[in-house]
Amino acid sequence: YLPSMRTPTEMIVGLVLCPCGLLLTLTGTLAPSWRQVSLIPEQPMDVVWEQGIWDICRERQNTHDRLCGQVDVLGYFDQVPVRVAQGLMPSSLVVALVGFVVASLGVRCWQPEPRHLVAGVAGLVVLLSGLMSLVSSSWYTQELWALPAPPGSMLSVGYSLVLSYLGSCMEILGGLALTLSFHHCCKEL
C-alpha cells in the first residue's frame, strides 16, 4: 500500500494552535499586567498600578511614564493565587514546550508516515499544559477583587490575564486536536 502524502488535519491544527498558545501564555506570564489598579487615593488621577505575577509597575497615563519594580507594600505577592500563578505558569510553559517538541516528532515532517501514537501523547501533554495555565488564570480571576489594594481604588482585569486565558484555550484546543491522532492509531490495530 502507498503512504498518503497528506498530513492529517488534526495534526496541522494542533501544530498551529500549540505554538500560538505557547507564545500567548509566555507573554501573559512575563508581562506585568494581570490586574490594573486605578483611582488610587492620595495619588494623581492618571496613575495606574499594573500588577503582574512577577512585578508591579506604576504608570502615569497622561505622559506614559512607566516605572517597574515598585515595592509591594500591601503584601500582594504573598497572596496564594499569585504564588500559585508563579508556580503553575512557568511549569505550564515548560510542559507546553515539551509537548510541542514531542508533537513535532510525531507529525510527518521528515518521515513518510506520521506517528499517530506519538502525536496523541503529545496532545495529552499540551492539553495538560493548557489546563495548568487555565487553572492559575481562573483562580487569579476568581480572587482578583479580594487581593490587597488601596481602599477606594478601582480594580480591573489586565491584558496579561486575558492573554493567559487565550493562550490556555489555544493550548487546550491544540492538545485536543493532537489527541485525535489516537483515533488513527486505533484504526491501525
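Cβ coordinates are placed from backbone N, Cα and C, and glycine is handled just like the others.
Quick look at what TrEMBL annotates:
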- 12-31: transmembrane segment (TRANSMEM)
- 88-110: transmembrane segment (TRANSMEM)
- 117-139: transmembrane segment (TRANSMEM)
- 159-182: transmembrane segment (TRANSMEM)
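Against the transmembrane segment (117-139), stretch 159-182 shows more Cβ pairs under 8 Å than any other of 12-31, 88-110, 159-182. Panel annotation: around the transmembrane segment (88-110), residues 7, 11, 14-15, 18-19, 21-22, 25-26, 28-29, 53, 116-123, 125-126, 128-130, 132-133, 135-136, 164, 168, 171, 175, 178, 181 of the same chain, lying at least six beyond its termini, place a Cβ under 8 Å from a Cβ of the stretch.
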